[in-house]
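See structure below.
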Amino acid sequence: MSLLCRNKGCGQHFDPNTNLPDSCCHHPGVPIFHDALKGWSCCRKRTVDFSEFLNIKGCTMGPHCAEKLPEAPQPEGPATSSSLQEQKPLNVIPKSAETLRRERPKSELPLKLLPLNISQALEMALEQKELDQEPGAGLDSLIRTGSSCQNPGCDAVYQGPESDATPCTYHPGAPRFHEGMKSWSCCGIQTLDFGAFLAQPGCRVGRHDWGKQLPASCRHDWHQTDSLVVVTVYGQIPLPAFNWVKASQTELHVHIVFDGNRVFQAQMKLWGVINVEQSSVFLMPSRVEISLVKADPGSWAQLEHPDALAKKARAGVVLEMDEEESDDSDDDLSWTEEEEEEEAMGE
């Protein structure tokens, strides 16, 4: 008769007749989850990946046990500072917007790159991805020689890495066509000839775009402890070579490239203040976790500052109005001669 072992970290089936004192390799301790790290109280190994945590090999040998283990009793006696920090509930009242405004740094500090930590599981996934690629595929497949810059108004052609050193002069706006006139929304030069319209020099200088990256609508959320905020972006196989996360004490800028050249980008003004030097990023096969250490312990009412959320909401309304105007075209906003005559007769 085969029974299921209930020891933590084992989960194997065993025969009671052959159950020896050293048949089971398990964890006698309890799971610990603290500051995005996961592990067992009985051994020192820690990981940020939950699947790696489940696969941590047991640290103690003993017999298999088919009975469900009782819940571990709470330790008696004085608790250590670390255990208090782990068990301390988030019972701090969120600070008001006025308090946050007074305490926020007055000057905008420059953004700093946060260190990237690559999990072992992601390293293995990237190695397997490289093995599965056809010969000649890889980074060179993302940018091919002879590729044209995709920015409107720029006619540069990719010849190699040195092409990135040349400036890109382009139009950041959208083309407009109204009553035979052609122009760009970012500059006011109008022309009748389509060839002259295409030949208009760009009005902004930036970096070349050799291949449009697909914007990824990734699911993302956040959670917090008393001393930490963790922003999680979900996506398959983040590519470390193309990823960066920058932060200041009050801002967070995220640029994550996943497999398939899909890109997640976000800019946030944070609710509270963080310690940039102690913050970091963890890359895993199915997600990216951004761990932000709070400058002061306490609870955040939300991830982003209310002023930033209000500004985004207003920008969303403006964008929606712009899209409606572009759908209706500019003709709806102009008067024809017949309409002017009808208006005059009506008066």
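Using the three backbone atoms N, Cα and C, a Cβ is placed for every residue, glycine included.
Keep in mind that this is a model prediction, so the values were computed, not measured.
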When Swiss-Prot is consulted, the range among 42-45, 234-237, 238-241, 274-277 described as motif 'SH2-binding' turns out to be 234-237
Cross-ref Swiss-Prot: Zn(2+) 3 site CYS149, CYS154, HIS208; candidate in list CYS168, CYS187 matching that site is CYS168
If Swiss-Prot gives CYS186, CYS187, CYS203 as binding Zn(2+) 4, which of HIS171, HIS220 does it give for that site as well? HIS171
Which range, 100-103, 172-175, 188-191, does Swiss-Prot list as motif 'SH3-binding'? 172-175
Motif 'SH2-binding' per Swiss-Prot sits at which of 134-137, 158-161, 162-165, 246-249? 158-161
Rounded Cα distance, in Å, between CYS187 (Zn(2+) 4 binding site) and CYS43 (Zn(2+) 2 binding site) is 64
At a 10 A cut-off on CB-CB distances, which of the binding-site residues CYS154, CYS186 has the highest count? CYS154
Of the binding-site residues listed as CYS43, CYS59, HIS64, the one whose CA lies nearest the CA of CYS154 (Zn(2+) 3 binding site): CYS43
Under an 8 Å Cβ to Cβ limit, what residues of the same chain, 6 or more beyond the ends of the motif 'SH3-binding' (28-31), are close to it? 8, 38-43, 53, 59-60, 62, 72
Enter the number of other CB atoms within 10 angstroms of the CB of HIS208 (Zn(2+) 3 binding site). 21
